[in-house]
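**Student:** Before I ask anything, here is the structure I am working with.
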Amino acid sequence: MKVPGRSHFWMWLPFLQLLVSGAEQEGVAGPAVELPRGRGAAVQKRPWVLDGCRRLSGLLRQKAAVLNKLEDAIRVVERDTSLSDQEKLFRVHTLEIFQKELNESENSVFQAVHGLQRALQGDYRDVANMKESSRQRLEALREAAIKEETEYVELLAAEKHQVEALKHTQHRNQSLSLLDEILEDVRRAADRLELEIEEHAFDDNKSVRGVNFEAVLRVEEEEADPQQNLSRREVEEDLGLSMLIDSQNNQYILTRPRDATIPRADHHLIKDLVSIVMLSLPCGWLCTTIGLPTMFGYIICGVLLGPSGLNSIKSIVQVETLGEFGVFFTLFLVGLEFSPEKLRKVWKISLQGPCYMTLLMVAFGLVWGHLLQIRPTQSVFISACLSLSSTPLVSKFLVGSTRSDKEGDIDYGALLLGMLVTQDVQLGLFIAILPTLIQAGAGAHASVAMEALRLLALVGQVLFSLAAVLLVCLLVRTYLVGPYCRKLHVESKGNKEILVLGVSAFTFLMLTVTELLGVSMELGCFLAGALVSSQGHAAAEEVMSCVEPIRDFLAIVFFASIGLHVFPTFVLYELTVLLVLTLSVVVMKFVLAALVLSLLLPKTSQYVKWIVAAGLAQVSEFALVLGSRARRARVISREVYLLILSVTTLSLLLAPLLWRAAVARCAPRPERRSSL
C-alpha cells in the first residue's frame, strides 16, 4: 500500500528548517507587518519555537515509522490463513483508517503552518485580506470536520463488520436451531433492505456546485429520567427529537432519517399544534365575549406563543405551511359560494377596479418616494404590496351573509369577490415581476427600453397563463367535473370520507395546474370551488357540510401563524409612526376604492361603493410573503420590511371595525344583521 505521508514529510522538512531559522531572527515578518513598538510589541527570541519544531520533526519521524509498521501489519493479516474473510476485512479496514488518520493529522499541521505564513505576510490594516484568510481557515476546518465524520462512519462500519465476523465464527462453531436459522435469514434480508432504501444524500451532494459546508449545533432534548444514561448510538437513533442550528441562527428539524424503516414523529410540531389549539380556545372565547371576530383571538394566540411572547413554537415554518392549507380551503369555500351568474353582472367592474387602484397606488408611491428620496424599485414594490387586500379575511366577512337579489341591484359580495380574484391574479403578476425589480434595483440593465420590454414580456406571459387557466377550466367543466361529482355522490353514501378525499384531491389538482401555469395556487383553489358550485346548489351544500370543519381547524392555524410575525415590542417602540402610517394607508385605500367605484358603478348602486371600499381598505397577509422574498433579495431593507409587517397587521386588526361600520351605515336593513 502506498503511503503519501512519508514523502510528504521529507518534502516539508526544508520548509520547517527555514521556519526555525527565520524564527531565531528578530526581524521576522518585519517588512510585511509593521506593528507599533510598545509594551510587549518587541520581537524577541523565543526558544520554545525551536523546541516545538524539533518536537514536530520527531513526531513526524515517529509517524513515518508507524506507517511502515502498519504496512507490515496489513501484509501479515492478508497472509494469515487462519482468519475468515470477514475478520481480515475488519482488521485491514481498521489499520487503513489509522493510516488515514495519521496522514490527515500531518496535513492539518502543515495547513496551520501555511495559515501562519499567510498571516505574517499580510497587512493587519487590510480587512479584506484578513477576511479572506479567515474564510480559508474556516473552509479548511469544515473540510477537516467532514473527513473526521467520514472516518467515524467508517469506524462504525468496521465495528459492524467485526460483529458480523464474531457472529459468523459463533455460527460456525455451534449448530443452529430452526429459530436461529430463521432469525439469521431475517437479519440478512433486513441488511439488504437497509442497503436498498438508504440514500447517500451527504456523499452525493457534498460535491454539487453551490453546496457549502456549514458548522451546526445539535441540540438534544432533555431526558425525562436524569438517572437514565443513553449510549451514543441510542442518542443518534433518536434524532427526531434533536434540532440543528447553523452559524446564521437558522434552526433545522429532521425531515428524512437515515433509517427509514423506523417510524418517527416530529414531536416539536405536535407540541406546537397542541399549544395553538389549546390556547386558541380561551382567546377565541374572549374575543367573542367582547364582540370581536374570533380570528383576532387566534392572532393573539400566535403572538403569545411566538418569538415575541413565550417563544414556545419551535416548528415555525411547519406551522406556517400547515396554515397555508387553511387559506386553500377558505378560498375553496369562497368559490363554492360563488355564483357565476352574479359575477357576470359585475365582471367589468371587477376587472377594471383593482387595476385602476393599483395604478393609482403605484403613482402615489412614486410621488412620495421621490419626495422622501426612496429608490423607484422600492416605491413600486411597496405600493404594489399595499394595494393588495386580504381574500381570506373578506371571505370570513362574507361567509353566511345574505344579500338581496333585487332586479338591477349590484351584489356587493359578488363585486368584492370578483375584485379579490383580480387581485389574486395581480399577486401572481407581482411574484413574476419581482426578479425584474431585483435586477432593476441592482442596476443589471442600463437601458430603460430594455427594462420596459422585459416587463411587457412578463405581463404577456402572465396573460397567456391566465388564458391557459381559463381554457383548462372550460375543459374541466365540460368533460370532467360533472361525472366526477356524480361519482362522488354515489360512492359517498354512508361514507363521507370518500367525499372529503375526492373534493380535496380535486382542489389540489386545480392548485397544481394553476401553479404549473405560473398563476397563484390560491386562484386554483377558488376555481375548484367555483367549478363544483356549477353542478348545482345541492352538490355545493353537500360538499360544504363536509369541508367546512376542516377549513375551520386549518384557519385557526393560519391566523395563529400570522400572529407569530407580530412583534408588540416593535409596535410599542414605534407606535406613533405605525399608527400614522396604518391610518394613512387605510384611508388612502378607502378613498381610492370609493373614487374608482363611483366612476364605474351605476347610479342606482352607489351605496355599494362604501361597503366594497371598507372591505378593500386593509393590506393582504400575502404582503408578508412578498415582503419576505424582497427582503431576502435585498429589494427592501430590514426597516422597510418591519414597517410593512406592522402596517399589514394593524390594518388587519382595524378591518373588522371598518367593515361593521360600513355595513351598519350603508347596507339595506335586511342584509345588516347577517353581514354583521
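A Cβ is built for glycine as well, from the same backbone N, Cα and C atoms used for every other residue.
Curation does not apply to TrEMBL; its annotations are automatic.
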**Student:** According to TrEMBL, which stretch among 149-169, 380-400 corresponds to the feature transmembrane segment?
**Tutor:** 380-400
**Student:** Near the transmembrane segment (607-628), which residues from the same chain, at least 6 beyond its ends, have a CB less than 8 A from one of its CBs?
**Tutor:** 357, 381, 384-386, 388-394, 397, 410, 412, 415-416, 419, 423, 427, 430-431, 434, 562, 565, 585-587, 589-591, 593-594, 597-598, 601, 636, 641, 644-645, 647-648, 651-652, 654-655, 658-659, 661-663, 665-667
**Student:** So which of 355-374, 380-400, 498-519, 640-659 is most in touch with the transmembrane segment (553-573), counting Cβ pairs under 8 Å?
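**Tutor:** Between the stretches 355-374, 380-400, 498-519, 640-659, 640-659 has the largest tally.
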**Student:** Who are the chain neighbours of the transmembrane segment (273-305) in space, where the CB to CB distance is under 8 Å and they lie at least 6 residues beyond its ends?
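**Tutor:** Same-chain residues near the transmembrane segment (273-305) but 6 or more away: 311-313, 319, 322, 393, 396, 555-557, 559-564, 566, 568, 649, 652-653, 656.
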